[in-house]
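Let me begin by presenting the structure, written as structure tokens, before commenting on it.
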């Protein structure tokens, strides 16, 4: 059921000629490893769609298993997973590899029979992943539809019967009555053979994928023999997209996206080229100029919001969930720049990381440090902060210090930059590739530049999170722990101190001293700091502060980070392991600036003479009122929520949410569309008043309407107001875990106008 004129994914991959891919198509046996006693051979094979991997199961009652390349996050060569490190011998390094999945699916740990086999599998899988990632949105859409056509063609005869057409329509998430399906089938069955083949399937595909809303827009500007000339396209870009671009830019778009060589030679854009542009990076809602690091990265560290994780070691909840190095890898590869290490004494003199006094599993401190070394700078080259919760004895603190210095090497910052005592933080640019330790310190930072030696061990107060856990037992007395000099000396720019009062912080606190606040305390200080909101804001101006979730959140749920950012707090730590709206907002906040984990605060938050209050707005440079007009036009290829039930079709609706200062909080939603997840249309317009655009975040949510129970989540996309492009824009949709849903999206028209 290949459609003429559509580039086959298989052809683009060279499945027939590439040796590694041919090896995957032939398939072979690999040993699947789960434990010391569970190591079983399984046959794995790439299917002819170039996307699906099938693997056998020995259990007679179990259905055959498959997974899609779209569901794979990465492939890791060697014994890089915890399972392979524990249950395979070091001599098997060249035989091992792991398939890491997006979301919560368990990692697939495999052992090949020879190094050559392992290399074929890893290289082949990497080629498949790269090929899928390199497809543009329109190509992904085409590939998705064609793969569903193939799936509907049960007997693989490249012909589609009416029954197969009906099955296909259900599979792509659209419910039509038998009469409509028969009418559509009859219109395409030119040969009257009772089956579609060749050009008839192509015609069926074109009827199905016609975008009426795109036709209208294209028709308005295609004024040159039915096509868009470069000047027509420029007219569209300037009037509709509100882009200040030249004719050269329009010509570049034609050269880049026009598939028809004849149109390209005439410097014109066809309907297909126009659709490719609209679904490209230039045509999406997110400003492509913000995909790379574009902000000033030489400001002091406290002038940035920093992507931060709480209980980073946990994969699930904090009562009985597993602790894992994988959790650190996932957080770091998502751009997280501040991770937490909850350290306790372990057997054989080796410190452990886990959630104390709970049933969570344990992981070796040194293994976590190795994972941080290997993955800290793969997504972002800017500094990583290790937030230590130290419960260890002096002896094991010395082991912690030894592991950090030996494993991290020169990446670990052990003294201030420069030759004299600094008075403020360096910037992320100066700290590129460096790892900073946040924790208790025995003395002031100034002693680094003095010759006199300090004590080897002394008592310091516990970290604020530890103290909070014991609040009920001893409210009046702050617990003390012994601190080893070796560990103390590794704390440079992030010395943990207890918060006493605003006055004490302003008069006594050095710039490198920082307090941590549980969410309720931070909220209280932000709303009721004396008679004003401003003292809490002042702390952020001359130093760093960290906010963390309350200990009562045993399910690892999250608080709303927006209020904390509005207060100027830099390190707003969230449970990265918990998919939720709060994590969507965090992912949206750190989407721009190359996803590097650092976002420069608005200018009015970085100057000393401010009087900004997010709860009670007054006039000031932050007030730049906008009216945000959003028309939700349509959606494309929304995923089925119940894939096992053929008749299950979604009833989608779209909600648009504004998050920011108190006055800007708002939301509105469309009506739901019955039984159509393939191409629902709304054409519904909303208008939102935005007072402080530099702090506003816009979230688009698609849900499946259910009159009898809670609506089901389909997808979402969140981004800062300042990164939105005007005009007709496509919006990708993400899963609960923050991964892109291939081929699915929204089509909107956006206009942000001065009030």
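Placed from the backbone N, Cα and C atoms, the Cβ positions cover glycine too.
What TrEMBL records for this protein:
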- 310: active site (ACT_SITE)
- 355: active site (ACT_SITE)
- 32-59, 438, 440, 516, 546: substrate binding site (BINDING)
- 311, 340, 342, 389: Ca(2+) 3 binding site (BINDING)
- 649, 651, 675: Ca(2+) 4 binding site (BINDING)
- 704, 705, 706: Ca(2+) 5 binding site (BINDING)
- 23-130: domain 'PH' (DOMAIN)
- 140-175: domain 'EF-hand' (DOMAIN)
- 487-606: domain 'PI-PLC Y-box' (DOMAIN)
- 606-735: domain 'C2' (DOMAIN)
- 191: O-linked glycosylation site (CARBOHYD)
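Feature map: TrEMBL annotations on the structure.
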| residue | record | Cβ neighbours (10 Å) |
| --- | --- | --- |
| 48 | substrate binding site | 12 |
| 56 | substrate binding site | 15 |
| 191 | O-linked glycosylation site | 12 |
| 311 | Ca(2+) 3 binding site | 29 |
| 340 | Ca(2+) 3 binding site | 25 |
| 355 | active site | 24 |
| 649 | Ca(2+) 4 binding site | 24 |
| 651 | Ca(2+) 4 binding site | 19 |
| 705 | Ca(2+) 5 binding site | 15 |
| 706 | Ca(2+) 5 binding site | 12 |
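If you average pLDDT over the domain 'PI-PLC Y-box' (487-606) in this model, you get 88. For residue 389 (Ca(2+) 3 binding site), the nearest of the binding-site residues 32, 40, 649, 706 in terms of C-alpha separation is 32.
Helix, strand and coil counts from DSSP across the domain 'PH' (23-130) read 35 helix, 38 strand, 35 coil.
Taking 32, 310, 675 as the recorded positions under consideration, the smallest Cα distance to residue 191 (O-linked glycosylation site) is found for 675. Spacing of residue 311 (Ca(2+) 3 binding site) relative to residue 56 (substrate binding site) is 37 Å (Cα to Cα, whole number).
Ranking the binding-site residues 36, 52, 675 by how many other Cβ atoms lie within 10 angstroms of each Cβ puts 36 at the bottom. A Cα-Cα distance of 40 Å separates residue 56 (substrate binding site) from residue 340 (Ca(2+) 3 binding site). Within 10 Å of the C-beta of residue 389 (Ca(2+) 3 binding site) there are 24 other C-beta atoms, taking all protein chains into account. You'll find the Cα of residue 32 (substrate binding site) roughly 36 Å from the Cα of residue 649 (Ca(2+) 4 binding site). For residue 32 (substrate binding site), the Cβ neighbour count at a 10 Å cut-off comes to 16, with all displayed protein chains included.
A simple way to gauge crowding: the CB of residue 438 (substrate binding site) has 26 other CB atoms within 10 angstroms, across all the protein chains here. The number of other Cβ atoms within 10 Å of the Cβ belonging to residue 704 (Ca(2+) 5 binding site), over all protein chains shown, comes to 20. Sequence-distant neighbours of residue 342 (Ca(2+) 3 binding site) (same chain, 6+ apart, CB under 8 A from its CB) are 311, 313, 353, 354, 355, 356, 389, 391. Comparing the Cα of residue 675 (Ca(2+) 4 binding site) with the Cα of every entry in 310, 340, 438, 706, these being the recorded positions, the smallest distance points to 706.
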